[in-house]
């Protein structure tokens, strides 16, 4: 039965670019977005509007589907709230795009859902961003909140995630999309390999339009009964009537190819690299092939699971067999120093082999697989895009093959193939997309006599099916075969063995006592003691630091003053060049000593320990005639008041008036600082003590200031009259991106935002034309200078506060004042502490307590006494029951929670009622632990070490805050290196002075905890326990050992003084003048 007669004839999706009337509908868009859209993108928006906002935008990857979806959703903004469903790794890039193109949205109006219980802001936010990973069967609280919100406009990015009818996320999303009035589905590969993958997406947009699933499968999937032995199965993996399906899809789907609408984009050149494997490498694979051939001769001899399991095993064996050749190929490509390229693989074993090749070549790289957190992936992408020293990106086809941009690469290498052409094309177009300026060469490494040859044929057959369905014509992966003689060296590659299969560590692979007790560095005999040397050379270091800053101004974040850093410097760092990575500093500007070439080659950049001194101007600066501030000699304007160098001395009255004005502005800034959201709990002393001092401008700011008049277009008199002049501005930092939103001094939104790094690079396109005026521009420059002087942790504290502020430094002080002082000598909150707080709350205010657990096992005696089916335990006698309840709560897997007299469960953190007022299901009790995401985060930071490390790593990325060493990168390099090379890698770095057992443990089983720790700025012994993020910092292992030893020494001195005071008086008291 054909459904074609029941569907209206398709409107032509390709709207003429010359028809200006078609674009009049787009006048509603923000000016910046409308000016940025390309003609075919405007056609896509018009196509959706003609279909009342329900369609699929299926443009090929890299054609800008995101901005089209934002434009469509903006047309229906009166019908918001808007729900955006994306892969988990794309939540923050989507938030960045929303803030960029719709600047009228304030930061608090965009909600990025963090976990399955983060539902507090769904009902109040205009835009909600949700990751596919949270749509699981146990996310009942989240699913209920999404259904109750009744979203009228929904965007589903990478909608092919809904391809499976049986997947949980497909069943959850289907009713939400169907119920929405407007629904935009985005995907570059609607069908990855078969027509059956289209049905759920079509059903979400237009239910029953293509009939039931059975009707659709029979008509377009060639559905039939297939027998495996004696068992029958309904097979829907085929394809039929594809031309008819293509015609029907054109009514609800618009699809353009890059070759049709983006002809100026450089071409994509595919090439197959076939090679033969050495017989030793393919030994296991050959035996599996023989087993597979036996099954194929007698199809009744094995079940489907046996066949599929064998194919999966052969797939992995193919990866291991060709890994040695892949390593040699990558090393060959690395011989070209100017080449940046991507390497895609599927199995972890192949990813490991590719990583080893890069490490052995001593090249800087990034690696993204399923274990890398979503927030860290964006950081790694930016590193590859902007750092010229990072030449290779090793990527998982599934984890990094969608949504990310790697246009800095000109070559793509597929170390492995995958099962469908959709994933392959998605991975190809990470580099071949808008923004690519060079042709992209794609190399497929095909090992003859392996599963590769079969998979290549299968990929081309599937490509013909998807091409006929989506594009109306048969297609295949056009790839020319490379010169076989050119790649003959691959067949002589050595067989590769994964680390887990490698032989036991031999003695020569570990450090020994003899090596650790080798002679001291001869230079140490000619140097005084560390503290004496520090005093003698402090002036010289300051002068050298000032000279360095004069030539190449350093990053203000990395040159922040730390008074006790020299005391904590380990001997290994004083006598030996360390290999650390500083992407912001060119390699030619980083000092290297002779004899440290190995360290330089191993870690890419050789850099001396960062000097932590306050810039001192020993007579070489110039004094401002306006404010008398002594500036660096290279600055053309005063750093404090923006007065030009050499300017006339102002009149006294004018000076006094200006000073009074500045004083009033400072007072106003403290009075008018507006609180949008309460800040996190923490220690005022830490923030107040660590407020940064003014630092010298960075190179970008200097160049911006010097060339301001030259680069800024000179407006006419009429424009000058129309542009407003601001004497002060207010700012709000986005919680989820790097953008800063701009407000007037009255707190009114200016509908614009910017990224501080763009301003430092003299990119002002995100700000209105009125910021061409020097007075307006100076306000932004001053903010960027202060913001850049803060550490990443302090910036995060301001972001979390949600405050409106004039100065980030003053905002940090305000946050410190608002925080309650808390002193605790306990490192973490325990279950006993929670139980005691709950019992005290009930004792004082009434109510009862209950023990909440996550999925308690039936018949568990530890929970039966307190909890039956999620019910509460009434509070009886606090004098007799408290001790027993607390004891049993500490030994169980749950928490003792207080419930008030009205039946509302109270938050474990703040003892306030949570958002869950009525518990109807067992799962709700566990989800009602916290009243908000803020309380949940604060509780886990204070009680869970793994969560604490993850949050600090998200901000500081494993970089030591004392010596600026990238300890996380060293850990990844050592973890991914062959075991035989780990010893030499460690011996060339700062870790060489660590204890013997610790070094050998790093070689045997390296872990993050061996390389960096999360340290309390105010120590736990001094009352800094159970703290928030503001009292935490990342330290490498050497700095942490030194700081811990110093603190132990100080505590010992305090104890001795306290003991001595019990038996006598301090003699220094007699020397004090009365």
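Backbone N, Cα and C define each Cβ position, glycine as well.
Swiss-Prot lists motif 'DEAH box' for one of the ranges 149-152, 153-156, 157-160, 161-164, namely 157-160.
With a 10 A radius on its CB, residue 65 (ATP binding site) counts 23 other CB atoms from all the protein chains. Other than 59, 60, 61, 62, 63, 64, 65, 66, the residues of this chain whose Cβ falls within 8 Å of the Cβ centroid of the ATP site are, in sequence order, 188, 433, 434. Highest local Cβ density among the binding-site residues 62, 64 belongs to 62, counted as other Cβ atoms within 10 Å over all protein chains shown. DSSP places the residues of the motif 'DEAH box' (157-160) in helix, strand and coil in these numbers: 2 helix, 1 strand, 1 coil. Each residue in the domain 'HNH' (1006-1046) gets a DSSP state, and the totals come to 19 helix, 11 strand, 11 coil. Sorted by the number of other CB atoms within 10 A, the binding-site residues 61, 63 start with 61, the lowest. A simple way to gauge crowding: the CB of residue 59 (ATP binding site) has 22 other CB atoms within 10 angstroms, across all the protein chains here. Counting only residues at least six positions away in the same chain, the Cβ atoms of 188, 255, 256, 257, 258, 429 sit under 8 Å from the Cβ of residue 60 (ATP binding site). Residue 66 (ATP binding site) has a Cβ environment of 21 other Cβ atoms inside 10 Å. Mean pLDDT for the domain 'HNH' (1006-1046) in the predicted structure: 91.
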